[in-house]
Amino acid sequence: MKKTALLNAQLSHCIATLGHTESLTICDAGLPIPLSVERIDLALTAGVPSFLQTLNVVTNEMYVERVVIAEEIKEKNPEILTALLTQLQKLESHQGNQIQVEFVSHETFKKFTLESKAIVRTGECSPYANVILYSGVPF
């Protein structure tokens, strides 16, 4: 059995096989997931697991160089945005790099998810709690 925090085999495999610049999306319970992209559905019930819990566990396993966030989160969900940006700042310190943050429209965000290796659906039930994480290299 693994001794790191991430126990979900499907998600662990996905992160382990990410190449440089490939992406993984973490989303709320409502984001449409294209049929062409692998779905890793962690949602159990409303709020479980939360977007931020899932982000924390994933970023403990994944080296992140860039993220994409929907612009609408600034107005519709500033609390999650603040917590997300705080987690990214901590991740920068831990990784020793600067993470590029890009805001795009929600429609553009949904198009970008088509390129993700997988989309991780959480139980989060708050608007625009979604992020696309782009894999970097730790050397």
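Here the Cβ of each residue, glycine as well, is placed from N, Cα and C on the backbone.
Noted in Swiss-Prot for the protein shown:
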- H20: active site, proton donor (ACT_SITE)
- D28, H106, Y128, A129, N130: substrate binding site (BINDING)
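Note: the substrate site is recorded as D28, H106, Y128, A129, N130; in the same chain, C27, G30, L31, A70, E72, I73, N77, F109, S126, P127 also have Cβ atoms within 8 Å of that site's Cβ centroid. Take the Cα of H20 (active site, proton donor) and measure to each of the binding-site residues H106, A129, N130: the nearest one is N130.
For the recorded site, the residue listed as 'active site, proton donor', the DSSP three-state label reads coil. Just so you know, the Cβ of H106 (substrate binding site) picks up 17 other Cβ atoms within 10 Å once every protein chain is counted. Take the CB of D28 (substrate binding site) and look out to 10 A: across all protein chains shown you find 20 other CB atoms. Within the same chain, the residues at least 6 positions away from N130 (substrate binding site) whose Cβ sits under 8 Å from its Cβ are T25, I26, C27, D28, L31, F51, I69, A70, I73, F109, listed in sequence order. Look at the Cβ of each of the recorded positions H20, Y128, A129 and count the other Cβ atoms within 10 Å; the largest number goes with A129.
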